[in-house]
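Asks: One structure coming up, written as structure tokens, with questions to follow.
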Amino acid sequence: MNDGVPDDVKNEIFAALRFGDGEVERKGGREWPLSGDEYRRYGRQLIMPEVGLAGQMKLKNASVLIVGVGGLGCPAAAYLAGAGVGTIGLVDADDVEVSNLHRQILHGTAKVGMSKVESAVLYINGLNDEVQCIPHHERIFPENALGIISQYDVVLDCTDTPASRYLISDSCVLLRKPLVSASALRTEGQLMVLNNPPRPAGDVHGGPCYRCIFPKPPPAASVVTCGEGGILGPVVGTMGVLQSLEALKVIIATSSEEDTPMELDEIDAQQQQQQQRKKADPPNLLLFSSFSKPMFRSIRLRSRRADCAACSAQASVTVESLNSGSLDYVQFCGVSSPVAALQPSERISVKSFAQLIADSEQEVHFGRPLAAPPVVLDVREKVQFDLCSLKGSINIPYSVISSTDPSATGPSATWVDELRRIPLDQALYIICRLGNDSQLTVKRFRELALDEGGRRRIVDVAGGLKAWRDKVDRDFPEY
Amino acid sequence: MSDTGTIPIRLSFGGGLEAYFSNKRTQTVQVPSKDESGAPSNAAFLIRYLHENIMQYHGEAKNNPFVTPEGDVRPGILVLIGDPDEIDGELADWELEGEGAYVLKPNTLVSFISSLHGG
């Protein structure tokens, strides 16, 4: 190019300006694939052979959908945005709650009450304004799943129910999107890359889907949420970070032909398959158990199931069945109905229970109480009992109660003997966190004959400590 | 090994199942080397044996967190097998090892992992 400036002078000017903004290079006539800002921002990953310029361009042109902006979705979104994924979609219907903040790192104290997607967009824009954020302020349903997922290249399942996990997996199979699925509870996490490569249903060279691994959902009663079981922030954070890593790997491994997956069929099928078989890792489940040694274990998983309802040649899950609403995922996974194990006579409301306690504390003539203090058994786990409990209540965790065999002969458990020593005219009042385990305890106590053939009353405090806080003592801690 | 002998099986539990097995994530148990019919013990027998002899659960069968009333492993639990003869010792989905028909060897590692759903 002859612009009348000697080359050596030009080089000197460019050298002096090399830390300036990207405009200078373009004025000089060279078009760089990334802006100067991008070279600087992504420099530390650009110099890695695993990424390089080609990988960065793929990230820039990629779109990733994050379903669920909670403990998994937050760290995943942060790292994908940091890495320069061009478009990030976020699906969540919930608002930020203060109990989210120990693990959902995009949200802060000032954002409590804000929608999670809005909070996440603010964070991502602040981190990297090169990223286009698309908020979907809604829950994922069969009616909207295909419409949302079809707009993206890779999907991250960061949700927290079996129903959404099956729905997202089915949708990814139908739309031929790779799916990075993770979950976490207490001290453990699980991670799988599913439907990778995302071959059409019936193609045995495609990666297995969620239904291949778990053809039937677990019984609803066995599903424990983070609210019930607890979750350590770094545990779910680790899984979310690993999801972002797997998503980056999937994007970077994509060949240019695969950038337009809907045209795959036009390419020589055999060549494609060979290419993909070589590239895709065999299906794996990564188990993270943060209090075990070693903390990580990788499990070899099966390939696609020949009779899979979603990804086999005989698949019953179709675009039509999904759109028509004939696939009811909530029904498929079942609903855990609230425990209703007792007769009304075996229960007491928190208000009446509070009155009972008040009566026993009220002194009458000669310093004698009106009534003996009620025997209150708190059946939450000890760790919860230690957080906060009613004055004078005794802790016998439900896990201890439920693992005591009522049909066992020989000496009974110590706690059973101790309860037997309580005078028969003293009723036992059973309380727990929400009022479910307390009902099961009343039933179990009868099986253990602690009601002494009906001579001792065993009473469930209905609604548990949650009702106690809501209706009696606003200062009782909520956790 | 005699007909009435036992073989050591290494167990591991995860995803909450350990709560029903003495709260131990890993343990080694001695399992009869032959099943009820005298055939070499397989993975299906192991599950039956664990349910009847090792597991601590006394609730209703329909709510059993480990096996269904029919005696199958409950949906949502992955059974993983680490064959002691495989050099890498890697755990694999038992569907890759013959499922219930997998014949136990001394020191086979069998892992039961309940799927997690929190996020």
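Cβ atoms are placed via backbone N, Cα and C, with glycine included.
Model, not experiment: these values are computed from the prediction.
Features from TrEMBL:
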type	residues	note
ACT_SITE	A:Cys226	active site, glycyl thioester intermediate
ACT_SITE	A:Cys432	active site, cysteine persulfide intermediate
BINDING	A:Gly71, A:Asp92, A:Ser99, A:Asn100, A:Leu101, A:His102, A:Arg103, A:Lys116, A:Asp160, A:Thr161	ATP binding site
BINDING	A:Cys209, A:Cys212, A:Cys308, A:Cys311	Zn(2+) binding site
DOMAIN	A:370-477	domain 'Rhodanese'
Asks: Which one of these recorded positions, A:Cys209, A:Cys432, has the sparsest Cβ neighbourhood, judged by other Cβ atoms within 10 angstroms?
Replies: A:Cys432
Asks: Once the chains shown are all counted, how many other Cβ atoms turn up within 10 Å of the Cβ of A:Arg103 (ATP binding site)?
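Replies: There are 22 of them.
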Asks: Filter the binding-site residues A:Asp160, A:Cys209, A:Cys212: retain a residue only if its CB is under 8 A from a CB of chain B. Output in sequence order; output 'none' if empty.
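Replies: Qualifying residues, whose Cβ lies under 8 Å from chain B: A:Asp160.
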Asks: Can you grab the distance from A:Cys432 (active site, cysteine persulfide intermediate) over to A:Cys308 (Zn(2+) binding site)? Cα atoms, rounded to a whole Å.
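Replies: The separation of the Cα atoms works out to 42 Å.
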Asks: So of all those recorded positions, A:Ser99, A:Leu101, A:Arg103, A:Asp160, A:Cys226, which one's Cα sits nearest to A:Cys311 (Zn(2+) binding site)?
Replies: A:Asp160
Asks: An 8 Å radius from the center of the A:Cys209, A:Cys212, A:Cys308, A:Cys311 Cβ atoms defines the neighbourhood of the Zn(2+) site; name the other residues of that chain inside it, in order.
Replies: A:Ser169, A:Val173, A:Asn195, A:Pro208, A:Tyr210, A:Arg211, A:Arg304, A:Arg305, A:Ala309, A:Ala310, A:Ser312, A:Ala315
Asks: Please report the Cα separation of A:Cys209 (Zn(2+) binding site) and A:Arg103 (ATP binding site) in Å, rounded to an integer.
Replies: 28
Asks: Based on DSSP, name the secondary structure state of A:Cys308 (Zn(2+) binding site): helix, strand or coil.
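Replies: A:Cys308 (Zn(2+) binding site) sits in coil per DSSP, no helix or strand.
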Asks: Which residues does A:Asp160 (ATP binding site) neighbour through Cβ under 8 Å, counting only same-chain ones at least six apart?
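Replies: The list for A:Asp160 (ATP binding site) reads A:Gly68, A:Gly70, A:Ser183, A:Thr225, A:Cys226, given in order along the sequence.
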Asks: In Å, how large is the greatest distance between any two Cα atoms among A:Gly71, A:Asp92, A:Ser99, A:Asn100, A:Leu101, A:His102, A:Arg103, A:Lys116, A:Asp160, A:Thr161, the listed binders of ATP?
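Replies: It comes out at 20 Å between the most distant Cα atoms.
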Asks: What are the DSSP helix, strand and coil residue counts for the domain 'Rhodanese' (A:370-477)?
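Replies: DSSP classes over the domain 'Rhodanese' (A:370-477) add up to 35 helix, 14 strand, 59 coil.
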Asks: If you draw a 10 Å sphere on the Cβ of A:Leu101 (ATP binding site), how many other Cβ atoms land inside?
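Replies: I count 15 other Cβ atoms within 10 Å of it.
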Asks: Between A:Leu101 (ATP binding site) and A:Cys212 (Zn(2+) binding site), find the distance joining the two CA atoms and give it rounded to the nearest Å.
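Replies: Counting only the Cα atoms, the answer is 34 Å.
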Asks: Tell me which of the recorded positions A:Cys212, A:Cys226, A:Cys308, A:Cys311 sits in the most Cβ-dense spot, judged by other Cβ atoms within 10 Å.
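Replies: The most densely surrounded of these recorded positions is A:Cys311.
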Asks: Please report the number of other Cβ atoms within 10 Å of the Cβ of A:Ser99 (ATP binding site).
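Replies: There are 13 of them.
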